[in-house]
Ligand code: ST9
Ligand code: ZN
Ligand code: ZN
């Protein structure tokens, strides 16, 4: 385990070259009315997905077999961990290292979630951390909670995002053959892992109707995982605790931790983005941490980065609130 001993602000500056520049960019983005160009293809696809998901929800409650209910839960958990443990903590942040079999496993379960290929996901996410709440943040909360949640996927991206994002070094992502394989085969992979297998497995193994399996385990589950992820962009920048940094928009929130298998400690995560745990919450609220720790026990994961206690305390004292941290950890574990 590697302990990060630098101040959070220094580590933030490592990400965001100049904090004053970011503050100025945030103020600038509040002033201007941004012209949006709606992408109607995405609007129609998301409307169709939500209609399908509502049909799936009805079937899940009233018609599906119990095995199918368990299957939906398992797929949500696996797909989410492919996003949290893979795209997010491993590839976007490099908060730990993983050997080839673990990276293949994470890439495959990431394809269950169908949230763009990992290289694109990580590029947008690095922009989110580096230019949070500015025009170069793909889902800036300055543009409203609906935009932060899902509206950003329904319109063309801001030109500042493309200009600033082009300055990022993504060579580590392009150098990983597992990510290049996913990128080159993305549509077949999501076809198989997000839609085909979730539908066929219930039909072949416990005789579920293909109609119910498709609407519950493919459409409803996909839509549910998307909203759980999007809640980190909206709810986790809106309602909750801020023990580590009072100036940030990010918060720690119990419910997003539960729905997003351990990603709800977002105030902690924005303050210490290189920490593989992404929060101080207990393991039962952080299943992704459990997955990474199991990987380490099996020798598939190494060099997990954590933040030293004295650094966390200094950060809370200077930029957050120690009493709030104590109260939150007492309540949330
Ligand atoms: C989805 C993603 O849902 C969800 C991500 C959530 C992120 C959450 C983050 C916080 C959570 C962390 C914890 C994880 C929790 C997980 C919990 C799990 C329960 N930098 O994009 P294009 C340039 S996906 C630099 O087409 P448009 C670049 O040149 C859902 N450059 O822009 C690019 O070309 P290329 C399914 C950038 O035309 C070119 O612009 N997927 C950047 O404006 C064109 O890019 C969808 O719905 C950048 N950041 O279109 C698809 N970005 O790529 C939705 C772009 O070749 N997306 N460039 O280099 C789209 O249809 C389009 O992207 C668009 C914008 C319409 C939104
Ligand atoms: Zn992050
Ligand atoms: Zn955030």
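Glycine too: its Cβ is placed from the backbone N, Cα and C atoms.
As stated in TrEMBL, the feature transmembrane segment covers range 68-92 out of the listed 68-92, 93-117. Feature annotation (TrEMBL): of 165-185, 186-206, 207-227, 228-248, the stretch labelled transmembrane segment is 186-206. Annotated by TrEMBL as transmembrane segment, the relevant range among 39-62, 135-158 is 39-62. Sequence-remote contacts of a segment are chain residues at least 6 beyond its ends whose Cβ falls under 8 Å from one of its Cβ atoms, and for the transmembrane segment (39-62) they are 68-69, 72, 150, 153-156, 212, 215-216, 218-224.
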